[in-house]
Amino acid sequence: MFPGRMPLSPPGPAGPDPELELAFIERPIRRSLKTAEEIDQLTVDEDLNDIERAIYLLSVGQEVQKACIISNLPTLVRQNPAETFRRVVPKVREVLTGAAPEIQLAAATSLLTILQDDIILIHTHTFSILKTVLLHMNHRDPVVSGAWLETLLLAIDALPKDTIRQEVLNPLLYQSQLSQSVQGRLTSCRILGKVACKFDSLMVKTELVPLARSLCQDPESEVRVCMCRQMEIIARAVGVDDTRTEVLPELAELAGDEESSVRVAAFDSIINLMEMLDSEDRLNVLVPMVMAVCDGSSQVDEAVMLSLSFQFGKLCSGLAGFLSDEQKCVLLQKFRVLCVSGLPTEGNPADGTKSALIRSNCCYNLPAMVVFVESIHFLSDLYLPFSSLCSDPEVSVRQSAASSFHQVVKLLGSNVYLVHKELLSLLQDEALEVLDALSNQLDETLEVVLSRGENLTLDNKVRKPKLIQVMFMAHGPPPLSYDGSLGCFSCLLVPGSPQLSELLSALLSAEQKVGSSLRWRLHEKLLQRYRCLARLLPGQLLHQSFCPRIFIILTTNKVLPVQKEAARTFCTFLRYNRKQEQRQEMMERLFRDLAQGHSYWNRLRFLDVCEVAAEVFSRKYFSKHLVIPALELVHDPVANVRYKLCQLLPQLRSSLRLPADKLLLQKLDLCVQKFLCEEKDKDVVATIRKTVLELDKLDLTEPFHKRHDWDFLDQKKEKEEMLLLEMEHLERQQNEGIRIPNNHTERKRRDNKTSLSITKSMSMSSSTSASSSSKEMRRSKLSRSRSLSSQPPTSKPVHSEKSQKVKDLGSSSGLGKSSTMSTKDDSVRAAHFTLTTQSTSSMPVLIRSNTTSLLDRASILDQKDHRIRTLDHRTSNMDHRNNMMEYRTSNLDQRDFRTSILDQREHRTSTLDKRDFRTSILDQREHRTSTLDKRDFRTSILDQREHRTSTLDKRDFRTSILDQREHRTSTLGQRSKTMDHGYGTSDSQSKKLSINRKPSSFQSGRD
């Protein structure tokens, strides 16, 4: 690796010096970093416990060891608090005397950790901690003293009141004197604000408020600023009444201080105490102060403007009810000035960072200002500064505007179309930080913007042409068309409008810009926000614009979280698409490009899509469309794909429902068997073995009630999918049945027109016939009167003439309704009988009077005819109304028919739910029967075992009997042997006796 020795120094004209090289070679090399003595000093006996080791190192250790022990002091307190505070903490207090700042900071940090973590009961160890803190709080190093001060301020929260009064307040009175250092007086201000919330209002008013007043009059501006910050805490401690008399005058005096920092601190404190001020104080103290700051003629410090820009929204909302219209205009004008402060103008370059911070604060206060001016006046009062902030040259300002954009959009409501151009500019911003800030709440923004676009006309209550001209001249036309006849704007954010296409193209360009960068987390977040478009836009628009881009991300992007989020967005678009053809096309492309792709990477992404789809869709939809293509990947030549499929098998199994998915379950079992029998990759084999165990647990040991919540959620998803399908079906019916209802309505209109014309003609004919008959009757009456005056008539012709009149009247009234005809006939008949009686009685005597009475009665009949004609006209109107009512009832019948169809569908869904419940009950019963079968099988095995044991017991009994018999036979054999032996001995004895007897007998014979 190193071909030659590197030279020690650059070669000169005569080459390297050999003496220097030799000296370097002969120099002794130090093998270790520490000498033996140093190692002995750093070595500690291993038999010591933690407490003893800490005491030993704090006594004789080096600075590094002491700092390490002090840093680990919280650990020692957790292990053994009593011994630590009894032996270690006093040693630490000794070490801190004259110690280096590093050890001081380590001690302050350790004690602060002990107090924050509540490791100990501080009441039991108050003296140990408080004495240590107070002893080193006045360190000459400001960093060290600040660290000890923070420890003390935290300890005050847990200290009792008596201890605070004795140990803290008494030194505080001494440190607040002018003879002490500035650092000591600043510490007194901090402690004074912290202690005020521990005591009652009377004690604070009598003892602490006079001390705070003296510190407010300190000659050092730093002390006055610090005390101004703490006056807010003291005001909350003394209460509302004392704040008005004790605290507010001091703050008002400090608001006119010569130092700008003091004025800013007093101004902030007064605004923060605004909810504690009554209406009189707000009107007499706060409003003049704000007006003095906002007055354009006065020169105000930039620091005050910075504070005002941050508090502007809170100030306007708190003083809205106490300002006149002129004062509101002054505040709005000041806000407009702050929104453009520091921007480059003609001849003036841009200011520094404070101006950019002021404009960022204005962006922060935009929602409060929209509430202040109301949304109807947004165009005239706030649109120009809002547009200026959204197009600010500073990235931080545009980022702040993007962060508050969703709140402004919500407050605008129906006037959201006014900020369409600004939304496009923020989406197309070059800085990704702006897009990141906008995408945090982009789903809420798009929901408001696109939901307002459903209405074709929005009454924005802005009908002033001057405002429209101002906006047109300044920033171009808004995304609306002004309708002069309506006096309002017509919104164009509808499908097919150019404004909507601009918004979609801006969203797509933003995603492409982020996708081409390295900000993959922003890309993931943006895709997550785009999922809301499935509920806001038609599926056709999403299918044409967003789905191709989602496929590109799935096939080309290499970041796994982005791909999974793209898969979830794709599944969401697919679920809410109500076009069967488009869904089919998306699924075919998914299978063609991913499931059957040439790259194993695409096939892995298909399994990721299946994993996400199992969460998005219902089990029914998932098992119907995605289980079989996923199981076909068991034949994949790449082991990584098979490995992923093995991990996905439990999820596939949980999506199946028996007995409907028996075939899919058989295919899944075949897939598992293929893995177990034919798999050669060791990782896949190990994974499939684990998966088989999980499948067994899923099938056998998982009870039904644990899956009930998951099943309930799945049923909800399935109902939503059924509703989407029904909506799609209804849309198709509406689109296909537009012409048929139109023809039907035209026919009804024609029928109504013909009926109306018939009724009109009938009424006209009846009226004309009635008028002609009345004229003829008058003529006949006149002729009769003349004839009667010339010739004396008889009763018969008069009767015949009157009967002819009755016939004429009956014929004239025969065109009416049946009810009116009956009334007419009765009246005519009554008139006829009265005439006949009068003619028979008085005709021979008075002829002139008879003729005049006849004429009067004829006029009465004419009036009756007029009434009949009016009644006919009314009946024709009633007929027309009846026809209209019939038309409306027919429409209602159609609606009732549709509702009946929907009721039938709901009944079908309820029956399907009942069937699902029954199938679940059957599954439970099958599970129970299977368990019972297993129990029966086990009991049968146990019975067989018992039978075997009984037979073995019988065999053992028989063998024991045989053993007993053998034992008996053996005993009998032994007895027989003994008897034989006894018989043998007896025979031998008998023989001996016989032998003995023989000589005895022989001797006796001799004898």
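Backbone N, Cα and C define each Cβ position, glycine as well.
Cross-referencing 855-905, 957-1007 with TrEMBL places the feature region 'Disordered' at 957-1007. Counting only same-chain residues 6+ beyond the ends of the repeat 'HEAT' (208-246), those with a CB under 8 A from a CB of the stretch are 172-173, 176, 178, 182, 185-186, 188-190, 192-197, 199, 201, 253-254, 257, 259, 261-262, 265-266, 268-269, 272-273, 276-278, 281.
Looking just at the repeat 'HEAT' (247-284), the mean pLDDT is 87. Per-class residue totals from DSSP over the compositional bias 'Basic and acidic residues' (957-969), listed helix then strand then coil: 13 helix, 0 strand, 0 coil.
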